[in-house]
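These come from Swiss-Prot:
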- 1-20: region 'Disordered' (REGION)
- 28-61: repeat 'TPR 7' (REPEAT)
- 68-101: repeat 'TPR 1' (REPEAT)
- 165-198: repeat 'TPR 2' (REPEAT)
- 248-281: repeat 'TPR 4' (REPEAT)
- 283-308: repeat 'TPR 13' (REPEAT)
- 302-325: repeat 'LRR 1' (REPEAT)
- 379-412: repeat 'TPR 5' (REPEAT)
- 564-587: repeat 'LRR 2' (REPEAT)
- 573-603: region 'Disordered' (REGION)
- 587-597: compositional bias 'Polar residues' (COMPBIAS)
- 739-767: repeat 'LRR 3' (REPEAT)
- 856-879: repeat 'LRR 4' (REPEAT)
- 907-940: repeat 'TPR 16' (REPEAT)
- 995-1019: repeat 'LRR 5' (REPEAT)
Amino acid sequence: MGRDEMQMSEAKRAYRSAKEEGNRQEEARWANVIGDILKNRGEYVEALKWFRIDYDVSVKYLPEKHLLPTCQSLGEVYLRLEHFKDALIYQKKHLELAKDASDLVEQQRACTQLGRTYYEMFLRSDDDHYSIRNAKKYFKSAMKLAQTLKENPATSRSSFLKEYIDAHNNIGMLQMELDNLEEAKKLLIRGLEICNEEEVSEDDDGRSRLHHNLGNVYMELRMWDKSREHIEQDIIICKKIEHRQGEAKGYINLGELHYRVQKYDEAILCYQKALNLAQSMEDEDALASQIDQNIETVKKAIEVMDELKKEEQNLKKLTRNMIIAKGTSQERKSLLQQNASLDCLIEKSSMIFAWLKHCEYAKRKKRIASELCDKGKLSDSFLVIGESYQKLRKFNKAIKWYTKSWEMYKSIGNLEGQALAKVNMGNVLDSNGDWAGALDAFQEGYRIAVEANLPSVQLSALENMHYSHMIRFDNIEEARRLQHEIDKLKESKSEDLEAYDVAKDCCSETDTEGNDHLPDVRSSACFSAEMSKSDSGRSKTLAGLEEVEDDEPLISFLRSSERLPKLKRAYVEKQNIPTEPRELTPKTLSKSTNSQQTGGGRKRIRVVLSDDEGDIDNEEGLKGRLQKCPVEGVATFDASRWFILLVWQDVPAADFKCTNSSENPINVEESTCSHKFTSSNPTNQYGNAIRCTGKVFIASDVNDDQCVTFRIDDDLIQLEVHSCICDDKLDIESLKVELACLYYLQLPKEKISKGLLPIIQHMKYGGRSLESFDAFKDQLGKDIIEVSIDGWVQKRLMKLYIECCKELSEAPNMKLLKKLYISEVEDEVVVSECELQDISVTPLLNALQTHKTVAMLDLSHNLLGNGTMEKLQQFFISSCQNYVDLTLDLHCNRFGPTTLFQICECPVLFTRLGVLNLSGNRLTDACGSYLSTILKNCKVLYSLNIENCSITSRTIQKVADALGAESTLAQLCIGYNSPVTGNAITNLLVKLDTLKSFSELNLNGLKLSKPVVDRLCQLAKTSCLTHLMLGCTNLGSDGSLQLVESLFSRAQESVKLDLSYCGLESTCIHKFTASVSLVHGILELNLGGNPIMKEGANALASLLMNPQCCLKVLVLSKCQLGLAGVLQLIKALSENDTLEELNLADNASKELTLQQNLSSVNSENLQPALKTSDGVSKEVDTDQQGLCAMNTDCNDLEVADSEDDKIRVESAASGFDNSCTSSCQKNSSFECQFIQELSSAIGMAKPLQLLDLSNNGFSTQAVKTLYSAWSSRSGAGPTWKHIKEQIIHFSVEGNKCCRVKPCCRKN
């Protein structure tokens, strides 16, 4: 380090001297040298600053050729920081400059860097085929250029040998990612041979890379000794050349090698050495974090190994007992116990990759199944044995046992088993190089799965077929067709696939032994770990059903064995609902960004295709990034553990719509990091509206019977109005806004330049005011609606935006225009949900540059990335505002950690930024230091939201460290991040306790331990908290009670409290409502997802009827209240003057009969008045009542035949019409009585503005009756309904349901 410091000192001295002299070339050169020294130290952020100085000086003062080295340096540093989009910008510029200069040397370097970047993107995306294509393209180009330069060196000093060797390394690691291990081994060995032939130094870094990757290849081939030899050689070289990052990653690989062979102590020692090296480098937080996770994984594996040893002892005991039970009535029971024990051992051995043991246990299971005469268990055991041999890379034996399994399943008619076996055979054939045979097997498995109606196995087979066509055969058209099939199947099974959303920190089974760790995109259909549960569960079922037969001799089962498979449970039922990771795999990272690969490849499911087949330039493909949660669902196939979670947007990458109001697709933007803009098609710019004079022209994509023609003055405007219709009601205001925007766009230039937009006042059809869609829906496209303008309003920003669109030849975004039109304050720019991307937002940002003044900028729910933030930074710097507080809402976009770096580089924001919302962006722990800087320097920042940003304890701790007593922070949201430890949260709470103005805290989704709850209670006592969001925190009844007591232990402002999904019970609710302070201290209360039952409804009804109750919002969805509880709560509102919103969705369980609810209603809730002192309703003997059941298939209320049909109840609520009674002649009077009682209660709930009754099984007629009651309430004003299938929302005009996303609600 002494030499480094001396070099740094000399370089800085030379830089200062060159700057003072005005020698720009030397100034840039020395800035680059300083950056290079810092880069080699691992101080990438600091290096980036110096490389940018080099870049800025070169751009301003030097010829273009001087940009070559600085673009190369910037690209490399951004790559090391994993800012891939930024890296691609400079690397592509580097390549362009090199081509312009005809410089083959620089072209080769640029191609190598581009290949590395796309390769790293592929490793992290798991579904980005464009990246792997680009990686292949650039690596092959780099190798050709290196070979050309080697054969024809530019100078005698430069042979380009090093680059030629690196090219072998790069393509070798790429082949390893594609599961072509033999080809990869051949290339890497050839690289070492070239080193020896050309007498390259033994300590050359090129050799270290080759050794590194060869170590990985041999590890996948289970050639442990050779793997260790190459990994250790890699470490030795890196140590000699002082390449700490490479040395650390070498130790990571060595640790994984020890882990694979169950040498856990040695593994931890290696990981600890790697951790020490990573921590000694400045900007290697991600590497250190990864190593920490690996150490934790090894510790868990040690626990599993201990459990396995205990279970082995149990199996030995059971085996001894079997000797005694042989020939007795206990023989079968003893065999079943051994089978269950072996299932457990198979599961645990697969978790720690002990495949030899796994094979041993599987064979013992086969023997037990034979003795049990159970063909179902026998076929299962064949499947597990096949898996063992597959993981041991004995593919011929694996095929043999999978074939046996398939034949056995076929003999007993088990279609599911046949399908699973076929898909597994395909996996083995693919690994063995028989790609055509693999595809045939996948197709056969799919055919069987379709025949048996097994959606999950169909999905697995389709994904494997997609992989084969895309990766193996490069058949894009067929892959696209299969992708469409996959999407349709996933959409139809969306509820089942939700079970795949598991902890993000579990390690992927794809990083396993044998095929596990290979870059295979194939999905898995068969498994061992989950089979153990499935099989164990099936054994219990068999045992339960045949318990009386356990004493029969085993010979008797030879006759009955053919019927046993009928009791067999489907594997896939278990497979699709994994609860925890089945295999514990340390994650390996790429050894170095210098053309090296990760320690282990990943499997991928499938590739998202778009129509772009050009340069395969698909940074855009990242915008719908599908994040995978690694889970052991099926042990035999590797890729099926990667399940899909859509993290950032609701819109898939290949399914973006055009940004104007037309339904016509336009060109998808090129890239978020591109600096070249793609213009939209200029024809029909405004999509669904065309201006004409005297004659109507209809756009070719517009259907006559879906269009309406409007006349404004002498102009006719035709547009589709379906976007303004909800439940047969026309949203008149939305229609007026769209008409105003369209009319303005067709005005002459001189009028547009004034920025005056029309105010649409009246719309008339046939002389009548337009109020209902029914009034004219039959005349669409035939008659003209007259529109009158009541005045004009100035919209300067809108005018500027349209001008900037014209300058860039871009079509204005209609959604954005409407947002700007309805904005009441010019300084508040709200353009959320406008489908904006880094390119399409450019006209707006250019308009803001001219507009200058902005107090609030809301860009949420778009598709924006770091490129937008760079432009925003330039806007804020150039803005003349320095003192006005700024609200910056960027949530739910595609921003990364660099976004925060841009904020840190903008001094203006230090004095202005008051609110910063970044939730829903994948910031990762790379943002930690930037967040810390923002919190320390932004003096007026009072609200920070980093919810669901993929950050961990490391970042939370940095946030805590950055908070000082002088901080103005009042609101903090950190929920739904993982993993966050209790210590990190506790440290944060301690710091928050020191803040003078802190009042709002959101910890939703974080698991809170007892010490954290205690610390939180202390904060509640000492701070004036007004918002406390604790949903899904596992608080429990005791923790919640403790917290509420602390919260109201002193005079307290009204509080908004979220305790949803915290495991609260009805007793807890009783204690809550007994608290006087709670009655008048809570404004909003969310108890959704807690099983408070009918008893809890009683307590809450008493709370609502209390005159001191000040609740405005009450959420009770999924609280198991039953229909009786729903009715009781709504009845209680007749005595409540404050509640405005009530959510009672999902409270009628499908497993409970309507009769039980209605009986309860009949016994208590249909009484004329509800007393505060009423206790829990009496239990009703359902045997004495009718068998009235809820028909959940048709979502209607129907009553089955019953002996008690003679029971009738007189119709009540005379104020309502007889529609219910007349339509229910065929149904029980209980149903009609209940609906009329509920309608009557709704009619009495006068202050209520929003009511959610979704998913409670109400029939269509019942909903109409309920809405009639809602709309007939006195003083309610105009009402609104949102009814679709089982969605039932009643609201009023000023408080429409679903108008704002939950994440966008402002306090």
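Glycine residues also receive a Cβ, built from the backbone N, Cα and C atoms like all the rest.
Between the repeat 'TPR 4' (248-281) and the stretches 68-101, 302-325, 739-767, it is 302-325 that has the most C-beta pairs under 8 angstroms.
Secondary structure counts, DSSP: the repeat 'LRR 1' (302-325) has 24 helix, 0 strand, 0 coil. Taken together, the residues of the repeat 'TPR 7' (28-61) have an average pLDDT of 89. Between the repeat 'TPR 7' (28-61) and the stretches 68-101, 283-308, 739-767, 856-879, 907-940, it is 68-101 that has the most C-beta pairs under 8 angstroms.
Secondary structure of the repeat 'LRR 5' (995-1019) per DSSP (helix as H, G, I; strand as E, B; remaining residues coil): 10 helix, 3 strand, 12 coil. Contact check: the repeat 'TPR 13' (283-308) against the repeat 'LRR 4' (856-879) gives fewer than three Cβ pairs closer than 8 Å, residues 6 or more apart, which falls short of the contact criterion. Residue counts for the repeat 'TPR 2' (165-198) under DSSP, helix first, then strand, then coil, are 30 helix, 0 strand, 4 coil.
Remark: secondary structure over the repeat 'LRR 3' (739-767) totals 11 helix, 10 strand, 8 coil, with classes taken from DSSP.
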